[in-house]
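Record features, source TrEMBL:
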- 91-195: domain 'CO dehydrogenase flavoprotein C-terminal' (DOMAIN)
- K94: FAD binding site (BINDING)
- 258-365: domain 'Aldehyde oxidase/xanthine dehydrogenase a/b hammerhead' (DOMAIN)
- Q439, F470, R585, A752: Mo-molybdopterin binding site (BINDING)
- E474, R553, F587, T683: substrate binding site (BINDING)
- E934: active site, proton acceptor (ACT_SITE)
Amino acid sequence: MSNGSGAEDDVSEASPLFSAADFTPFDPTQELIFPPELVSLTKGQRSGSLRFHGDRVAWLQPDSLDEFLRLKWENPDARVVVGNTETQFVAAFKQSPRREDDISTVTAAMSVTFTPGTNVVEDLRLSYGGMAATTVLAKKTASRLLGRCWGEELLQEACSSLAGEMTLDPSVPGGMVTYRRTLTLSLFYKFYLMVLLKLRKQGVTVEQVGADCLSAAEIYHPETPSSVQIYQAVPEGRSQDDTVGRPMMHLSALKQATGEAVYCDDVPLYENELYLALVTSSRAHAKILSIDTSAAESMPGVVSCVLADDIPGSNATGPIEYDESVLAQGQVTCVGHIIGAVVADTQLHAQRAAKAVRVQYEELQPIVTIQEAIAAQSFYQPIRTIQRGDLEAGFKQADHILEGEMHIGGQEHFYLETNVSLAVPGEEDGEMELFVSTQSASKTQSLVAKALGVPANRVVVRVKRMGGGFGGKESRTTVLSTVVAVAANKLKRPVRCMLDRDEDMLITGGRHPFYGKYKVVGFLSSGKVVALDVSYYSNVGNSMDLSLSVMERALFHMENSYSVANIRGRGFLCRTNLPSNTAFRGFGGPQGMMIAENWISDVAQSLGRSAEEVRRLNLYVEGEPTPYNQILDRFTLDRCWDECLLRSGYQERRAAIDLYNRQNRWTKRGLAIVPTKFGISFTAVFLNQAGALLHIYTDGSVLLTHGGTEMGQGLHTKMVQVASRVLGIPCSKIHILETSTNTVPNTSPTAASASSDLNGAAVQNACEILMKRLEPYKSKNPKGSWEDWVKAAYFDRVNLSANGFYKTPDLGYDFESNSGRAFNYFTYGVACSEVEIDCLTGAHKNLSTTIVMDVGHSLNPAIDIGQVEGAFMQGLGLFTLEELHYSPQGVLLTRGPGSYKIPAFGDIPTKLTVSLLRDAPNDKAIFASKAVGEPPLFLAASVFYAIKDAISAARAQSGITGPFRLDSPASAERIRNACSDRFTELCPPAEPGTFTPWSVRV
């Protein structure tokens, strides 16, 4: 029998069943509903598609997938209908903390089928995710609505029924019980509106959807973003080799983009290198009864276990107070407290064995939250106070007095590169070389030396670059580097450890949560604040770390940019059983200023006046004193304010927003303009110093080293620019290899936004020393090249290496007398932001932000604008998105990107404008520049208060006016719950104290 491809003489035996040439080979990726074989059979035949045209509608019935796709492409808004009447409507919803790439809080899929030509419900299915362990159907509600007309009565019945059916235990995992329950109603209401609109389009008689409700049924479509960066160009005629003031690209940008940039864990493996994994506490507060390492030591690849008894030097450690231990001994004081370590041949073997270490505890009562610490009077000393003026007289002068409070959540640093250390023991004299991702090489050196019991000159710490730091690598890196060094010392072999993300988040702490309470704010009927008494409480954790300095900076910024004649601020450091909180970009400043913006907005709301007007009325003016008696000179905040109002079109946008809010019930827009005044200097005076080391080689190339570390902020780039200007040579001749303790000793941490000021001046000093040495050779050969002068000096036996040094002059503040100069100068900025909130879900869109920043004469506008934008977005995460959840037992529940959300691309304001203030030189810093790293972060509070403005509009529509409490971050949950309406009333929260919550506000 022929298979259709035989020779001609075989045809007589049987005719072929088919010709293979007629069929296209099967494509498994193609939709089976139109298999290629069937498509090929219709070739040459007339199309079977049908078209019906009416006055207002055209019905198209394709007969192939290709035609269907073509029609859908040409008519993207056309509905796909099964049959010739659309009686079934289906919709799906998802609500999550972040709009992009996020796990949902609540999802819903809803389907309704009507009796043809009517609005009578024939079938209804409502399914919800996030309301139980698995997807659940609201069967009771659906059955109650069968046979009912799709209208207002059905809506009320549905919401009442859903509120009773979609319940959650108050202790349910994930928390947000009130919010999740309210979402079930809100999402149904959206579905209800969408179906009403579709029925009406079909000509079915249904209730009219009010124009003010239409936005609730709209589907979100992101707009194309745009941005503008404005900076002052350098004067004409300046040499192209002088790059100061020009937007020069970050020196490592290309290497970072291509993956060629070397980070700590990229250091090649040493021979005989081992890997370390940490053993940490699972209890927040407990006595250690026993540690059993026998199972771990018997596992494959394990070389040794390291415990407190293996420390040759001191087990006491800490950046300022030695109130911590390298390895826990006898007691643990937080979940994540490092008890020991397992060292093995690979990371997998070490981590597997670390889990096999058995620790027995006797549990003690932990203190987890600020409120628990206040109740137990669990505070570190001292309690700081700054007071100026006469509070009693100020309150007598006031026409009005109000009280308020606010909680500001913590924040995880979430640097791309987690903490990592590599320790390489030397051959003699207790020498140790460490490669560490740290902002503080000298502090790492001193604490490692202390743990090993050797002088600091035996320990060398090297830092090439960090993959982000944000303050998190100022002091907390030593909790890992000391343990790694102890292990390397014990085994006399190189040891490496890089923390996984969940370990890093658990162990290293973050930004301090703050609770602010202003007992009384006295103000006049005009809105002028005349008296303020405010108390701050920070959740410090299980050790002091840098918390006293953080609180001091919060107090230094307690009035933000507002002049208050009679003021008192007090700071309490709460001792709790959480991992020690630490430095984070802003260093207490954002928390202090956030409380200030809260009371200034409360004043405006209580008077029914514009917040912008009240803020402007209270702004400082040139020559006024701060609460710590520092006179404000070279004051540019008023210029920043006026320029921001102009560039943002504030008044026009305010009018447009008011109109929008009158026309829309379920979406509201808000607008806020917020200033910042950020003091520049370390508040610990001794840290305001820096060193630099400069080598000129005989070929004219220059090797530069300074005390600062590179964490992506562009410090090395700026230092090369400074050296280039002073030496008068191109940047290409200058190279920075790394930061190390054997080149520049006793360095201050790269922090407090002061690194360009301090290290730049030190680099300038070193360059000027060398230029003075080269001057005779330039004079002898004025037409010679740089290389000619260098070689002439070398052959004349001139030292071509120089140390530079700088210390900030005239600093020093005394809390006891409230006198002295706390800061070298201030960086000013103003931001205006517009947002839109969905009152039904709590989601918000950042529509636009305009920032005006005074950075003096920018050393590098490209880097400085990048710092402004980056700081703003990090602040946006702090104030609107990022939320750390702890269990009542002190266990961190958010340990990775799945549960902890940092801003995504879609969170960037759709229109973002950054303008650097023109003609604002600063004679207190290198080349008239200003610090830029931390000050812009707080400007993201403009988004928070724009959200609060929008919520106020929503509450006003429900008949609620006046000040209200909105804690930070302004998450979707908090926004929705604050927009009180008929849906939230159906889902009241459980009484506090009647249940154990899944997470607590620390």
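Glycine is treated like the rest: Cβ placed from N, Cα and C.
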Are there residues of the same chain, six or more positions away from R553 (substrate binding site), whose CB falls under 8 angstroms from its CB, and which are they? F587, G588, G589, G592, G679, T683
Lowest 10 Å Cβ neighbour count of the binding-site residues K94, R585 is held by K94
Let me check the 10 A CB neighbour count of F587 (substrate binding site). How many other CB atoms are there? 29
Measure between the Cα atoms of every pair in Q439, F470, R585, A752, the residues the record assigns to Mo-molybdopterin, and report the largest value in Å, rounded to a whole number. 12
Using only C-alpha positions, which one of K94, E474, E934 is spatially nearest Q439 (Mo-molybdopterin binding site)? These are the recorded positions in the record. E474
Top of the binding-site residues Q439, T683 by count of other CB atoms within 10 A is Q439
Nearest-integer angstrom distance between the alpha carbons (Cα) of F470 (Mo-molybdopterin binding site) and K94 (FAD binding site): 33
Within the same chain, and leaving aside Q439, F470, R585, A752, name every residue whose CB is within 8 angstroms of the centroid of the CB atoms belonging to the recorded Mo-molybdopterin site, in sequence order. G469, G471, G472, E474, A583, F584, F587, T750, A751, S753, G933, E934
At the Cα level, what's the spacing in Å between E934 (active site, proton acceptor) and R585 (Mo-molybdopterin binding site), rounded? 5
Within the domain 'Aldehyde oxidase/xanthine dehydrogenase a/b hammerhead' (258-365), count helix residues (DSSP H, G, I), strand residues (E, B) and coil residues, in that order. 19 helix, 38 strand, 51 coil
Distance [Cα-Cα, Å, rounded] between R585 (Mo-molybdopterin binding site) and E474 (substrate binding site): 11
DSSP residue counts for the domain 'CO dehydrogenase flavoprotein C-terminal' (91-195), split into helix, strand and coil: 40 helix, 27 strand, 38 coil
Checking the spread of the substrate site as listed (E474, R553, F587, T683): what is the longest Cα-Cα distance, in whole Å? 16
Would you find the one among the recorded positions E474, E934 whose Cβ has the most company, meaning other Cβ atoms within 10 Å? E934
Which one of the binding-site residues (F470, A752) has its C-beta surrounded by the most other C-beta atoms within 10 angstroms? F470
Report, in whole Å, the straight Cα-to-Cα distance of E474 (substrate binding site) from K94 (FAD binding site). 40
Beyond E474, R553, F587, T683, what residues of that chain have CB atoms within 8 A of the centre of the substrate site's CB atoms? L546, S549, V550, E552, A583, G588, G589, F682, A751, A752
Round to a whole number and give the Cα-to-Cα distance in Å for the pair E474 (substrate binding site) and A752 (Mo-molybdopterin binding site). 10
